[in-house]
Amino acid sequence: MVKLFVVRHAESTWNPEGRYQGLLDPELSQRGLQQARLLAEALRNVPFDVIYSSPLRRTYLTALEIAKGRDVHVVKDERIREIDHGVWSGLTVEEVKRRFPETFRMWMEEPHRTSFEGGESLTDVYRRVADFVEEIKRKHQHQTVAVVSHTVPIRAMYCYLLGVDLSRFWSFGCDNASYSVIHLEENRNVIQKLNITCHLGEYYVEAHSAL
């Protein structure tokens, strides 16, 4: 069995603005820095064997905070980076609604059919995340692994692990600096905890429903 901790990065400077980040690379906000510290404290007694992170700054800085004081490597992996939002990147939700109303409708109602102009589709992300998960299962049996990623690959990962159709992509909560615990067993995958945020206290902010 692999004990998998799936972590969403702490708040970036763009999250409060409702802005699509994609592969763009904003810093953590002041609130995000505090969220990362609180998250690290909540996970302090978890004996991670390895921490994987998306290479983007908001995830990597969150992963480094978790790794502080530990003899553990943070491994960057492109397969768990955020979806490439293409022409949406850097735009707010309201701007996207005005400029790309039909694609926005599809993203909210039929995410499994959505492809971003100049970027990726959700299916593209699903495939790379599935490849990543299978490698984790091969390499890290009987270990505890942290994966620090983003909303789209995290939700795609849940769909893959549970055998749920990508049309149910929006069924999972995924807040900033949250963590989930999943046991990757021989014949099944079991979600033990999902979208845990109680460690954030006053620094908790519910994620935007369209991001």
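Backbone N, Cα and C atoms are what each Cβ position is placed from, and that goes for glycine too.
Just one of R58, R70, R79 is listed by TrEMBL for the same substrate site as R8, H9, A10, E11, S12, T13, W14, N15, and that one is R58. Its own atom aside, the Cβ of H9 (active site, tele-phosphohistidine intermediate) has 31 Cβ atoms within 10 angstroms in the protein chains shown. The CA atom of A10 (substrate binding site) is located 14 Å away from the CA atom of E82 (active site, proton donor/acceptor). DSSP assigns H9 (active site, tele-phosphohistidine intermediate) to coil in the three-state reduction, placing it in neither a helix nor a strand.
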